[in-house]
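Novice: Okay, these came from TrEMBL:
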type	residues	note
DOMAIN	B:20-202	domain 'MacB-like periplasmic core'
DOMAIN	B:287-397	domain 'ABC3 transporter permease C-terminal'
DOMAIN	B:670-783	domain 'ABC3 transporter permease C-terminal'
TRANSMEM	B:21-42	transmembrane segment
TRANSMEM	B:282-304	transmembrane segment
TRANSMEM	B:329-356	transmembrane segment
TRANSMEM	B:376-399	transmembrane segment
TRANSMEM	B:420-444	transmembrane segment
TRANSMEM	B:667-691	transmembrane segment
TRANSMEM	B:719-738	transmembrane segment
TRANSMEM	B:753-776	transmembrane segment
Amino acid sequence: MILQIKNLFKWVNSGGNRVFLLNDIDFTVNEGEFISIMGPSGSGKTTLLNVIGMLDDFNEGEYAFLNEPVHTLKEKYRANLYKEYIGFVFQSYHLIDELTVYENIETPLLYKKHSASERKALVADMLDRFNIVGKKDLFPSQLSGGQQQLVGIARALVSSPKLILADEPTGNLNSTQGTEIMELFKQLNKEGVTIIQVTHSESNATYGSRTIRLKDGMIVNN
Amino acid sequence: MIRNYFKIAWRNLIKNKGFSLINIGGLSIGMSCSILILLWVLDETSYDKFHTNANQIYRLTVDAGSDFKAAVSPAGMASGLQDIIPEIESTMRLSPPITALFEANNLKFEEQHVFCADANFLEMFNFSLLKGHLKTALQNPNGILITTTTARKYFGSEDALGKIIRKDNKDTFTITGILADTPSNSHLQFDIILPMSYLAKTDKNLIKNTWNNFGFYSYIQFNRGHKLSSEARTNLEDEINQIYASKSPEFQPKFQLQPLTDIHLHSSNLQIDVSGHGNIQYVNIFIIIAFIILLVACINFMNLATAQSFRRAKEVGLRKVIGAKRNQLIFQFLSESILISFISLFIAVCVIYLVTPAFNNLTEKQIVFQLLDNKIWLNLILIGLITGLFSGSYPALFLSGFKPIKAIKGRLRSGHENLLFRNGLVITQFVVSVFLLVGTVVVYKQLNFIKDKDLGFDKSNLLYIPEKDGIYNKRSALKTVLQQNPLTSDFSMVSDLPTNLITGAVNVEWEGKDPNSKIIFPRIDIDENFTSVFQIETLRGRSFSKAFGTDASNYVINEKAMKVMGMNLETAIGKNISFQDKKGTIIGVVKDFNFKPLQYAIEPLILRFREKNNIVVVRTQPGKTEATIKALKEIYGNLNPAFPFAYNFVDKDLENQYRGEQQMGTVFNLFAILAIFISCIGLYGLSAFIAEQRIKEIGIRKVLGASIFGLVNMLSKDFFKLVLTALFIATPIAWYVMDTWLQDFAYHINIRWWMFALSGIAIVVIALTTISFQTIKAAITNPIKSLKTE
Ligand SMILES: Nc1ncnc2c1ncn2[C@@H]1O[C@H](COP(=O)(O)OP(=O)(O)OP(=O)(O)O)[C@@H](O)[C@H]1O
Ligand SMILES: [Mg+2]
């Protein structure tokens, strides 16, 4: 079991009213699972993924990551978890604007203290795998949306995470590229990587072993 | 990793050129100022440390009571003490500086930096002797030491050693040693050293080794390895005082041992001292100013970095998501600020190379900026590191603390805490600016006050011819000739000028004197023209006059002396007093006039009648100064062709007395202006940033009909409040500090409210002008443009 969420609530106060972004969420993720989260726009998918990724906090409930209660985690420990376990793919391909493609992919390895030659090999492998070798010295602003998305995924995968959190990873890709990514995810999953992805596409969801459907911040079927 | 950091830092620098320019510009100016000041401080504190035994050498100074402290001691004292106190290894005496005419190789020059020194002068001090014998150079009364520059002046490229040089057209000396030029950081600045044995041929105090006439500088070197603790020093001083008391029961001043290395900076309260001393107070003030300037520059950096934090927020968030620890981010931001700091340092070093000559000119120093000097570059690197770490600290802590998702979504804009901190920084900068501005105003007013103060005599158009050895026997003739020429007939012969009087006696007796009182009475010998030439007001009685034959035993006193002696205008005239054991009658009281620098209050003064004195003072008629000088030159040339004619002006001399203060004033003003300038650069950047941030709001407001004035007002209001707050905080601090400085002067201006008002208005105007560049630009931008940018 990687993580377990029990009776989790997240709300914002708007004009004196509580607006629930996440409403009584309950679910468990075991090692080796490939989960798809689906739901209409605004249903809270990104919010949930951020909470799972410990990027955002919640108001009520319990959340244990590797049996550690998340709300007691120190910042340093969280940073270590990221380094060791988690690769995060954002819905809107967030890259560091001041770094080139190559450097963006290399940065997680810097924090993991890989040797220079190791880094070179790993980054080269990623560039190759995503077919962006020719773009390695460009800055994010010089790339198309789809290319940025690919770099974002490459950056998440380069440090071989045990858990991948992907928020619509194929949203900006053409269907061939999308399928390639999904195949890649499937391959990784087979190798033992746990994956949680948010997606709008039913066909992408079928790559997963399980689908969670959200509506108005609530899980409607599990 | 580090390379990665520097790469990003560099790209950020390039990307935000404007802000980088402001940051680096401000820091470079700040660093240049601070480093220059530190060079100056290093120089000031390095005085006399080049002597190998500097730590064991002390100068004997004396506190004669009633605020009269002097650097001199009696002729017989030093060697006398050595006979009794075993800890004393050696002693050496120096005469006060002598002005004399020297002639060699048919060249004549008047030398002003001449001392007589005991034979062990070169053994106690480490002035490097280039030629000659260290032990014997000053043994023979006919030997003489000169510096290389002096040697070149008389002998050109010839070897001067062994050559003959004549003093005052009569005494002949053989050059027994050539010294390197005096190091600029020596409290003794000399061109020529004569043997004390030469002076001992004529000086009664030296012949008899007297203990009662204070006329020599005595240096005492204690045993090797005997580094004096403050306790040991006090004990030795007590012992010296006891020894002196046993020799002179009637007058018991307190002696002090002044460390050699303290002489330059800690002698400002000593009278009858060699000139050219510094002042520890200025050193302290300048150290503080150096720090303040650097602080102001660092604040610019912090402020702009924090203000722009949202630009970096996304990067911070992303780095955290991919595994960066907080301290890694802190390290990254610190390495950025250190990069900027070292770029600025590099620029500052170039600037210093360029401006050192001008700075030396201003401060009359010979500072050489030597980058290769270990101490210097270590210090520079330290300055670079500290500046970088300090100015990067807050932005680093602040930026690295962002919560990742908020940072990525850009949901943090300027937090409240952040704003508070930035406002605090801006206020600090303006507190500094107001403080420096008030300081500038006060210093300026005080220096002007000194310059214009009514001294009690009319100092303008007073020309004087300094004491001349060769004229001594011809003074009667001189007097007659001067009287005959209408240009010079308004003249007076005096023993001393009322500029920096160094005479003083304690043995003054009057009726009803408290036997324990040890008040010092300075004295001037004057002729019958003194009060009319100097235009000093006589309050009661009369001044000396030819019309009354017997003035030789009469005295004129000043008001202060009258009060000290417990008399008043009604009773003073006709009272008998005795001065230096000579009885006489008070015939007149003159209004108080200053005869010492204005740091000192007016002391009781005795004016004694002597028909002939050594210094001739002529009051020139307006517009006829040149003609008068010509006439005087002729008169002196006829009487004494052997001596070059030299003259000075009393008001110039007076001005020179405050040269140190004037210089410090100029430097202070300069750095104050630069500090304010640096603050303004920062403010400019900050306002540019805020205008940029609110450009959309401004656009919308404009579309809704806001006027340009209204918009500028809206944008400036916040800054205005900050400046006002700063004014409130700075006022009491400035008042206190400047008042403390003024207390050093017996005569000083009072701090007035308008000085603060003036500074306040100036700061507000400067600040608003700085801001207005940006606010007006923002307010007149076409709203369509700014709204389209989203
Ligand atoms: N900080 C916030 N304050 C208020 N409301 C928020 C905040 N963050 C998200 N929301 C709201 O929460 C809801 C869920 O947002 P979320 O981004 O999770 O949707 P989503 O399911 O990912 O939608 P999409 O498919 O369009 O990406 C939305 O209605 C959004 O307006
Ligand atoms: Mg979403």
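Easy rule for this one: first residue shown is 1, then count along the chain.
Backbone N, Cα and C define each Cβ position, glycine as well.
TrEMBL does not curate its annotations; it predicts them automatically.
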Novice: Between the transmembrane segment (B:21-42) and the stretches B:420-444, B:667-691, B:719-738, work out which stretch tops the count of Cβ pairs under 8 Å.
Specialist: B:667-691
Novice: Apart from its near flanks, which chain residues at least 6 from the ends of the transmembrane segment (B:719-738) lie with a Cβ under 8 angstroms of it?
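Specialist: Same-chain residues near the transmembrane segment (B:719-738) but 6 or more away: 423, 426-435, 438-439, 442-443, 683, 687, 751, 756, 759-760, 763-764, 767-768, 771.
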Novice: Short question: which residues 6 or more past the ends of the transmembrane segment (B:667-691) have a Cβ under 8 Å from it?
Specialist: 18-19, 22-23, 25-26, 29-30, 33, 37, 285-286, 289, 292-293, 296-297, 299-300, 303-304, 307-308, 362-363, 422, 426, 429-430, 432-433, 436-437, 439-440, 443-444, 698, 715, 719, 763, 766-767, 770-771, 773-775, 777-778
Novice: Mean pLDDT, the domain 'ABC3 transporter permease C-terminal' (B:670-783)?
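Specialist: 82, rounded to a whole number.
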